[in-house]
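Trainee: Got a structure for you, questions after.
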Amino acid sequence: MTVSSGKKKPYFGLTGGWLTFWVTVACATDMSLFGYDQGVFSGVVITRDFLEVHDLVGPEKTKTLSTVTAIYDVGCFFGAIVAFTIGEQLGRKKAIMLGTTVMAVGAILQAASFSLAQMFVGRIILGIGNGINTATAPIWQTETSQLKWRGKLVIFEMMMNIFGFCLVNWINYGLSFVGGSIAWRFPLAFQFFFLIILWSTTPWLPESPRWLIAHGRQEEATVVLSCLEAKPIDDPFVIAQRNEIEFSVRYERENSMRWRDLWKKKGNDSKTLRRLLLGAGSQFMQQFGGINIMSYYLPTVLMDSVGLSDTMARLLAACNALSYLVFSGLAVLLVERMGRRGLMLLSTFGQFLCFLIITILLRFSRISDNGEKFASASVAFFFLYYGAFGIANRSLEDMDEYYRSNPALIVTKDPDAICRRRPQKYILREEEEIERAAAAVDKRALSVGAVEHAEWTSEMGNKN
């Protein structure tokens, strides 16, 4: 039990692994929806009825079609800005509920669209909602996960993102045999399957303990930590976890800085600029590496550059998405063995190699007499690219302490940065904190016992 028996148990009595499971269901659903939206338009833009309804038929409409496709990502960008500006005030759960509601509006506008202007507005609104959600859900998952599960669960979320992408590609392929408006309206409306799950789960799950502590709600944070760890609220481990989070939050506030101060050297900071560049930079390059070309335009590329039919292009796109899902599953198994850095460097090199070969083969397909063979050969490297894209055990407080230690810019020889297991010094520090918390609990128990004994003695004296 995590709370006294006299009180109603929070979260329907769920604790430990089951509570983490339902948080993961909500976060994984959100990321599945993100993947679904990344892939849904790849089938929509080659559906004849969609092109005719929105007056996008013909090569002269290519730029407009590209704009209506890409405007969704502009919405995602502004949604992430919204999450950055007001998400910290709302909290993780409320931010996700806001994003989900905004997405519902965008999904309705798209599925019911009969004009290009309506589709533009729907794409932007959907992107804003998705930007809010995808900027929030991974943080919520990380801040509510036990240390031993954190790495695997974050990778699992990415795997579910790819599951959503895979699912919509097979839906697009199946509906290509139906034709008409249902071939593009149904995939756009199917987003409500994910939205309903988010509405049904998120409100009843725990808020991030880190966010609660940052906003002065220590008691709630302690209850959440005890439920997540399936331990009593006065357990030394729970108290140690709370104390570590409190210290990190307090340190961040004491060393907070303005945006312009990021570019200035401060001797006592927590390497904020470096952490920002590492986190945001890696995500920027992940998107800049060409994955969205594959997500939005693979069927179009296979039809226009390789010469495949509509049905075959959709089928290969769906098979490609399936291989993407399989290789992302391998990443879940390899992340703790190879470490985050090693796996990311390996997959980055694989993506570079595949795009290089694809570019060469498609170029020769246009200038060579055997162009069809070169084009067909490029298909294999589209599959390998997805395989490369799809494929260290630290607490958040460990990362805070590491950056406070003023590490070198190049970390290839830094054992604390490159080791795949949690460094021993962080384990010892946590054990010491638990011992201190246990001693504090024992001292408090002795104090309470002494008071009770004194009261009992006083009562007996009065009776005599």
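Cβ coordinates come from backbone N, Cα and C, glycine included.
Unlike curated entries, TrEMBL annotations are predicted automatically.
Source: prediction; values computed, not measured.
Straight out of TrEMBL:
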- 23-464: domain 'Major facilitator superfamily (MFS) profile' (DOMAIN)
- 65-84: transmembrane segment (TRANSMEM)
- 96-114: transmembrane segment (TRANSMEM)
- 120-141: transmembrane segment (TRANSMEM)
- 183-205: transmembrane segment (TRANSMEM)
- 276-295: transmembrane segment (TRANSMEM)
- 315-335: transmembrane segment (TRANSMEM)
- 342-362: transmembrane segment (TRANSMEM)
- 374-392: transmembrane segment (TRANSMEM)
Trainee: Cβ pairs under 8 Å only, please: of the recorded stretches 65-84, 120-141, 183-205, which one is richest in them relative to the transmembrane segment (96-114)?
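Mentor: Comparing 65-84, 120-141, 183-205: 120-141 has the most Cβ pairs near the transmembrane segment (96-114).
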Trainee: Taking a Cβ cut-off under 8 Å, which residues six or more beyond the ends of the transmembrane segment (183-205) line up next to it in the same chain?
Mentor: 11-12, 19, 22-23, 25-26, 29-30, 32-33, 36-37, 40, 43-44, 47, 49-50, 93, 96-97, 100, 103-104, 107, 110-112, 126, 133, 164, 168, 171-172, 175-176
Trainee: If I take every residue in the domain 'Major facilitator superfamily (MFS) profile' (23-464) and average their pLDDT values, what number comes out?
Mentor: 76
Trainee: At a C-beta cut-off of under 8 Å, are there same-chain residues at least 6 beyond the transmembrane segment (120-141) that contact it? List them, or none.
Mentor: 23-24, 26-27, 30-31, 33-34, 37, 68, 71-84, 87, 92-93, 95-96, 98-110, 113, 153-154, 157, 191, 198, 208
Trainee: In the same chain, who gets a Cβ under 8 Å from the transmembrane segment (65-84) while lying at least 6 residues past its ends?
Mentor: 37, 41, 45, 51, 54, 56, 95, 99, 102, 106, 116, 119-120, 123-136, 292, 296
